[in-house]
Amino acid sequence: LKDQFDNLDKHTQWGIDFLEKYAKFVKERIEIEQNYAKQLRNLVKKYCPKRSPKDEEPRFTSCIAFFNILNELNDYAGQREVVAEEMGHRVYGELMRYSHDLKTERKMHLQEGRKAQQYLDMCWKQMDNSKKKFERECREAEKAQQSYERLDNDTNATKADVEKAKQQLNLRTHMADENKNEYAAQLQNFNGEQHKHYYIVIPQIYKQLQEMDERRTIKLSECYKGFADSERKVIPIISKCLEGMILAAKSVDEHRDSQLVIDCFKSGFEPPGDFPFEDYSQNIYRTISDGTISTPKQEGMRIDTKTTVGKAKGKLWLFGKKPKPQSPPLTPTSLYTSSTPNGSQYPIFSIEPVHYCMSDIKTGKPRIPSFRSLKRGVNYFCLQGPALEDFSHLPPEQRRKKLQQRIDELNRELQKETDQKDALIKMKDVYEKNPQMGDPSSLQPKLTETMSNMDRLRMEIHKNEAWLSEVEGKVAARSDRRHSSDINHLVTQGRESPEGSYTDDANQEVRGPPQQHAHPNEFDDEFEDDDPLPAIGHCKAIYPFDGHNEGTLAMKEGEILYIIEEDKGDGWTRARRHNGEEGYVPTSYIDVTLEKNSKGA
């Protein structure tokens, strides 16, 4: 079995080499996972939005979905790092520790086997030496016996020589007997050690090596399982990341993105009006049907439309110079005034198109030649013009949104200051009741500063609300004027002839005023009596909302409300209770369900 010991030595060394080879494989897999996670994080960082807090870029649903996918991908990269960490701790580290222990144990067992083999070799050498010595003594004894016999048979040998040979024979025989006994003892000892070596010591060492190799195999099996478990543990979280990506993809709403674009670029300006008819044939004398030439009209009763309209056209730009206060020359019958109950006068326009255009220019209502010019003027002013405090440099709709956002921010700051004031008052009361806790007068400067900040914020809110009311009033007035101009345009259809045309009856050139408009107060009452907005859906409150601010609607968790106006991109949705109470609620606090047949209403 001596050669098998060497084979076992080679086999156990191969087992350790295989264990270290698998550990190296796991290490390279860990490096791959770490590099993969690092590259994913760098990719997410590269494409994540780098926007300052003041950036107010519209959050389109497609952009939000992409940002959510990036967040999920970042979480996925984190799970790859978890896999690498788990493999490094549970598999690679355990393999390296076990490999070190395995080498130490193998070395110990092999040393024990070599010692046993060396001891057996030593016993064999001792037995072999005693055997050789016994053999040598036996040959010497045989030689002494042959010499004695030769001398004893020789008649010429003396008695002394015979006696000496006999003594030598006895000595060699005695030494041979002693070496024989020693050889027998060494042989018996060697046989016992050899039996012990091959039946007790070596089997025990082989068994230990076998157990060691089996433990190595079991450890490899456990590491294989741990290698797979490291990946399997993160599969649920990775599945959630992938589900999050799918939900982000499903959350893309093309209609909402379109509405965000509309809300972002909505200016509130009116579309350009109709161009007036410019009659250049006024200076040509018309020939009457009987062949006579009519008397030219008086210069005082004729309007030079070419001059007036041409000048007006140069002043129709949105951000150009304002029209001069003096009005173009009008005929006495083209413009009438009417007094209102409060004593003010307002112009009533004739049904002539040129007159209508002239009166429109006089009232400061510019006409825009084209939307391209409007866009160019708005962009130029937004890029070059100064940013005013009241946002008057912005279009009406954008100005209204900016003012509303500022008012909301100021209200939040005011609420913080109010909470701080209440906390200071409570602390002051505690200090007054327990002077050992602090000096109440030390809080007075901070309380005064907080009250001053509250007053300043209230003034700012009042000022911005005044600007907001002004903007909303202008928008409403512009809508009223558009409504009135549409009515006048419909009334004049079919009644007027082209401007500047001559008729047989000179009296027809002077027309009376059209039917006067309804009283302004009656017009306002007409809008006040409108029916409430129809419900376009319903919502369920996910979280409670106190609704302390003006215009908001308080709600409880689980409460059902009607939706009467969708979120315009500012994070607020207009809702109504069953009792008719209306107000704005945070869009993120509710679960909205819109009716398909009412969504576009």
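Every residue gets a Cβ built from N, Cα and C, even glycine.
Here is what TrEMBL records for this protein:
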type: COILED; residues: 124-168; note: coiled coil
type: COILED; residues: 400-434; note: coiled coil
type: COMPBIAS; residues: 476-486; note: compositional bias 'Basic and acidic residues'
type: COMPBIAS; residues: 523-532; note: compositional bias 'Acidic residues'
type: DOMAIN; residues: 1-257; note: domain 'F-BAR'
type: DOMAIN; residues: 393-470; note: domain 'REM-1'
type: DOMAIN; residues: 534-595; note: domain 'SH3'
type: REGION; residues: 476-535; note: region 'Disordered'
Within-chain partners of the coiled coil (124-168) [C-beta distance under 8 Å, separation at least 6 from its ends]: 175-176, 178-180, 182-183, 185-187, 189-190, 194
Confidence summary (mean pLDDT) of the coiled coil (124-168): 87
Secondary structure tally of the domain 'REM-1' (393-470) (DSSP, helix then strand then coil): 72 helix, 0 strand, 6 coil
Secondary structure content, the domain 'SH3' (534-595) (per DSSP, counts of residues): 3 helix, 29 strand, 30 coil
